[in-house]
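*Asks:* Following this message is one structure expressed as structure tokens.
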């Protein structure tokens, strides 16, 4: 939920930057970047303090099994103490994308994933650090990716190189950025809240169900992340062309990107239904046959509906004005009530 809030917030902040880049308002672009940094810093401090205070009560509310609650708290605490790294990378990568460069952030993300995997193996297998090692590895990888973004901006993007005088507390600028970013942040949090509600229901169904959902959920997240990326990419594209008043390009881009997202969702759905069972072996011992059966049910249902998710995520993340963002926030809340209340019946 916290990470989702950070991702939504920074994506919303970058929309203003993209609009000004499209309008060739480079002075306004620098003001937008500086304002985004100020907002991100304040939000990071607030999120870190509040989340660390309420971790244990939240885990108890989710009916987390007593035998794993301490490990869960240790892992989440480490991740939350690294919110600054997550916020930094999301902000910097989104701002780089706002200027039309989507390849560089992807490259840095791939490097971060590789670092994360290597450090997971070192900390968990070599040093025997268990979940704490996984958390530390994640934070280090995020710090590394943030530093790569900073170095790239310093060397390659003069438009984003700020001075002390650029950091001005401008109420109008802050209000403009929050009008877009906060609704997007809450929308992202709504999805995460739904996952928490679902997890609470699953925890009461036994360890096999929890294990199946955990394994299948990771694969599901990997398969659906590109659909979210299509929407975020289109949000940046829309903002740039909206700023440049190229409305025809927006319509053309929407059609092409939606077609790609829909096509990908059909392929991804088929892959997880057919091969998802094999991927579960990465997380679950082969002797846990019941877990595999439950995971396959998960894949069959979710995979067959990916095309609907692709359409929803595409339009839910694509916005260019406050009215649409608020409408999408209400839409997200409605989907939360409709979908995630079902496990309790």
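Placement of Cβ uses the backbone N, Cα and C atoms for every residue, glycine included.
Those TrEMBL annotations? Automatic predictions, nothing curated.
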*Asks:* From 157-179, 180-202, which range did TrEMBL mark with transmembrane segment?
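*Replies:* In TrEMBL, the transmembrane segment feature sits at 180-202.
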*Asks:* For which of the residue intervals 56-74, 75-93 does TrEMBL record transmembrane segment?
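*Replies:* Spelled out, TrEMBL records transmembrane segment over residues 75-93, not the other listed ranges.
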*Asks:* In TrEMBL, one of 7-27, 133-153 is tagged transmembrane segment. Which stretch would that be?
*Replies:* 133-153
*Asks:* Mind checking which residues of the chain, 6+ beyond the ends of the transmembrane segment (297-316), have their Cβ under 8 Å from one of its Cβ atoms?
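*Replies:* Hits for the transmembrane segment (297-316): 187, 212-213, 216-217, 219-220, 223-224, 227-228, 230-231, 234, 257-258, 261-262, 264-266, 268-273, 276-277, 328, 331-332, 335.
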*Asks:* How about the transmembrane segment (105-127) and the transmembrane segment (33-55): at least 3 CB pairs under 8 Å, pairs 6 or more apart in sequence, or not?
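*Replies:* The answer is no, given that the two segments have fewer than 3 Cβ pairs within the 8 Å cut-off.
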*Asks:* Do any residues of this chain, six or more beyond the ends of the transmembrane segment (33-55), have a C-beta under 8 angstroms from a C-beta of it, and if so which?
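*Replies:* For the transmembrane segment (33-55), the list is 2, 5-6, 9-10, 13-14, 16-17, 73, 76-77, 80-81, 83-84, 87-88, 91, 95, 160, 162, 166-170, 173-174, 177-178, 181.
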